[in-house]
Amino acid sequence: MGKGKSLSEGVIKNIVLSYTYVAIWIFLSFTVIVYNKYILDKKMYAWPFPVSLTMIHMSFCSALAFLLIKVFKFVEPVSMSRDTYLRSVVPIGALYSLSLWLSNSAYIYLSVSFIQMLKALMPVAVYSIGVLFKKEGFKSETMVNMLSISFGVAIAAYGEARFDVWGVVLQLGAVAFEATRLVMIQILLTSKGITLNPITSLYYVAPCCLAFLFVPWIVVEFPVLRDTSTFHFDFLIFGTNSFCAFALNLAVFLLVGKTSALTMNVAGVVKDWLLIAFSWSVIKDTVTPVNLFGYGIAFLGVAYYNHAKLQALKAKEAQKTAQQIDEESGRLLEDREGNEGGGRKNEPED
């Protein structure tokens, strides 16, 4: 009875920890999105410089990752050759910089709620690019599901009260670059057996992002910032904002490491609904019934996609377990036959 009780307590503890990791990730992701919106929106903090904001994040994350790895030895660095860095990390860094730049830029033109609705297209982009690079097999059923998500997002866009073409282009570009980055991680790093947790990922990728962002910053934003004599760098605002961005990366590590990437996808759907509710009730963004109807269709499509991924994962695990059992049975049978053969060989002759 004591054993059953301890088992029950262990299960409860794991459930509580899992929900804690989910809550931390949702809170930090929610905070970073709203904080970035606050800084960039012309009606709030009114500092519409997305490249500069992204560079501040990358500078802070690079410095903190360097300290955690090289000074405090909190995380072991990943051994990586120069060739691997140039061929794998640099392209991923370029895609990441473009994704962050465009997604932050979209907050200047679009509401938080509508951006979350457009982000529902992420599975569509990841699957399409995966098929293009032959990392995913084309399936008619999955493609119908992708079309249903796209149809739902299109309805949500049709019902958007503050529709801005340039903002939509920026956010769709961010989704496309982020999806390509995720597929490239699978192709360039995972295929080579290289796994990066968020700290080592920032250690290698953040400086690369910083270098790529420097070019558009010099051309687009630096001249404006130079001529804006009224601006003074607010260490409290940008420091806490950058720390939240870094903490979000650690939360991703905890959530995926202690649960699964699928849990993060499901938690992401909950976060999107919370952000839509927050955007409507607190920021006072207009959310129309057509918005919600369209996003509801997209939400059902994303939920089905996650369910299908979970079923495929379970089937793969079951197949792997069955294969291990067959191999173990085969070894036992061989050992038994070997023992019987040896026993007959050692029997005394008449």
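Heads up, residue numbers simply count up from 1 along the chain you see.
Even glycines carry a Cβ here, placed using N, Cα and C.
Record features (TrEMBL):
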- 328-350: compositional bias 'Basic and acidic residues' (COMPBIAS)
- 20-306: domain 'Sugar phosphate transporter' (DOMAIN)
- 321-350: region 'Disordered' (REGION)
- 12-35: transmembrane segment (TRANSMEM)
- 47-72: transmembrane segment (TRANSMEM)
- 84-102: transmembrane segment (TRANSMEM)
- 108-130: transmembrane segment (TRANSMEM)
- 142-159: transmembrane segment (TRANSMEM)
- 165-189: transmembrane segment (TRANSMEM)
- 201-219: transmembrane segment (TRANSMEM)
- 231-255: transmembrane segment (TRANSMEM)
- 289-306: transmembrane segment (TRANSMEM)
* Asked: Per-residue pLDDT averaged over the domain 'Sugar phosphate transporter' (20-306) comes to what?
  -> 88
* **Same-chain residues near the transmembrane segment (12-35), Cβ under 8 Å, at least 6 residues beyond its ends** => 112, 240-241, 244-245, 247-248, 251-252, 254-255, 258-259, 263-264, 267-268, 270-271, 274-275, 278, 283
* Asked: Can at least 3 Cβ pairs under 8 A be found between the transmembrane segment (201-219) and the transmembrane segment (47-72), with each pair 6 or more apart in sequence?
  -> yes
* Asked: Given pairs 6 or more apart, does the transmembrane segment (165-189) have at least three Cβ pairs under 8 Å with the transmembrane segment (108-130)?
  -> yes
* Asked: Does the transmembrane segment (231-255) come near the transmembrane segment (84-102), with 3+ Cβ pairs under 8 Å (pairs 6 or more apart)?
  -> no
* Counting only pairs 6 or more apart in sequence, are there at least 3 Cβ pairs under 8 Å between the transmembrane segment (108-130) and the transmembrane segment (142-159)? -> yes
* To do: Quickly jot the same-chain residues contacting the transmembrane segment (84-102) by Cβ under 8 Å, restricted to those at least six beyond its ends, or write none.
  => 50-51, 54, 57-58, 170-171, 173-174, 177-178, 180-181, 184-185, 188-189, 192, 194, 204-205, 208-213, 216
* Apart from its near flanks, which chain residues at least 6 from the ends of the transmembrane segment (47-72) lie with a Cβ under 8 angstroms of it? -> 36, 39-41, 97, 100-101, 104-105, 107-108, 199-200, 202-203, 206-207, 209-210, 213-214, 216-217, 220-221, 224-225, 231, 238-239, 241-243, 245-246, 249
